[in-house]
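Pulled from Swiss-Prot, these are the features on record:
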- 30, 214, 239, 243: Zn(2+) binding site (BINDING)
- 274: ATP binding site (BINDING)
- 32-42: motif ''HIGH' region' (MOTIF)
- 271-275: motif ''KMSKS' region' (MOTIF)
């Protein structure tokens with residue numbers, strides 16, 4: 001069997017994936033900071049690494065998947081104060097919203113979903129070890145900082161020297177730091193900050209810095225050396241670089257073997273940002289597009305490439321997914337079928353996924369298989385199509401339910417009951433040999449985005465275009 005190859009950001013090349021413990025994969029992904037609704041960029045992280053963990057499990061690995069929740073930081077405190085609510089009320093509300101969004105997108109829950117506020121003792125312990133190892137110091141302002149110049153490997157993930165990083169990054173001047181690149185491990189409490197945002201520590205009251213949260217949680221749940229760490233490309237520096245410095249500085253050993261980063265999301269070929277007014281929450285998108293269409297759209301691009309969000313691309317994804325479901329509509333597929341990896345399409349699908357999770361090529365195999373199903377009407381091939389799609393979290397619904405579903409209603413507000421009523425009126429018109437009226441009803445439905453298919457025996461099926 002071919003080996004799984006993954007592009008390792010740390011090595012800057014595709015490498016054969018060899019887990020530390022044979023047959024077992026320990027995997028950590030940086031999750032959401034819960035002070036607002038999740039946006040399309042978050043959707044990509046959720047779906048991409050859901051695809052990764054699904055494929056690892058389908059390949060026979062015992063996977064422990066951890067994705068954290070950041071439920072304390074400056075933005076959270078600021079938003080809670082602005083809203084006049086507690087930090088806990090704010091974060092619990094947006095954690096629930098995040099779960100709703102993830103569930104809609106077919107994202108399986110991680111095995112562990114630690115909240116930063118639950119791991120403060122572990123963070124304090126790690127900061128203490130860093131200080132003991134000469135890698136951390138308490139500054140005049142009360143903050144505890146990491147001394148980057150004391151860690152020889154700093155910059156290895158981004159591939160830059162300290163000099164390059166200082167020149168290329170916008171680092172705020174801070175007289176309390178020994179080096180502009182030094183980053184905070186423990187933030188001293190400010191007088192005007194709420195009591196629930198501070199914890200006691202050997203360095204005085206305060207709260208953890210963002211970077212130490214992920215190091216402490218991942219090492220506590222997966223061990224100080226684990227297989228796979230993922231996140232968006234925007235986290236490569238400084239967040240992931242700082243995680244390496246913290247974790248390896250505390251343990252003295254390798255932190256993570258393989259680093260994965262998904263590409264950026266762009267909107268109509270521009271960077272997505274609130275300032276440009278092209279910022280979309282997952283909820284905004286799901287008001288217009290079926291969640292499975294959004295998942296399909298995300299997986300249609302390779303995870304390392306930038307993803308260009310536009311209505312044109314989402315409409316195209318909807319039509320493409322409709323083609324796959326249409327192939328399954330009238331051919332009985334075995335429920336809960338497992339992929340046949342010895343069948344030619346199964347072999348090519350696995351080859352694609354084993355090549356750095358090449359979902360665009362894997363999807364091309366699905367369309368080839370759909371063409372064969374349309375030609376042969378083979379239940380075995382239909383089962384294979386549904387099974388391979390299922391590995392990616394796609395094609396898991398009843399085909400008729402997908403084809404007749406849709407978000408909201410059709411263009412003129414028709415729901416399923418109204419469509420059926422018009423089909424019945426068309427049937428009555430045909431029985432009365434009023435073919436002009438029957439054709440008019442069909443044309444009106446088509447204009448409303450409803451496609452009719454007349455079947456033998458006087459049966460009419462329909463789907464949304």
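Numbering starts at 1 and runs along the chain as it is shown here.
Each Cβ is built from the backbone N, Cα and C atoms, and glycine gets one as well.
Structural mapping of features recorded in Swiss-Prot.
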residue: 30; record: Zn(2+) binding site; CB count, 10 Å: 22
residue: 214; record: Zn(2+) binding site; CB count, 10 Å: 29
residue: 239; record: Zn(2+) binding site; CB count, 10 Å: 17
residue: 243; record: Zn(2+) binding site; CB count, 10 Å: 27
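The predicted model assigns the motif ''HIGH' region' (32-42) a mean pLDDT of 96.
Residue 243 (Zn(2+) binding site) falls within a helical segment according to DSSP.
The Zn(2+) site, placed at the center of the C-beta atoms of 30, 214, 239, 243, has further neighbours from the same chain whose C-beta lies within 8 angstroms: 210, 211, 213, 215, 229, 231, 235, 240, 242.
Per DSSP, the secondary structure of the motif ''HIGH' region' (32-42) breaks down as 3 helix, 3 strand, 5 coil. Secondary structure at residue 30 (Zn(2+) binding site), as computed by DSSP, is strand.
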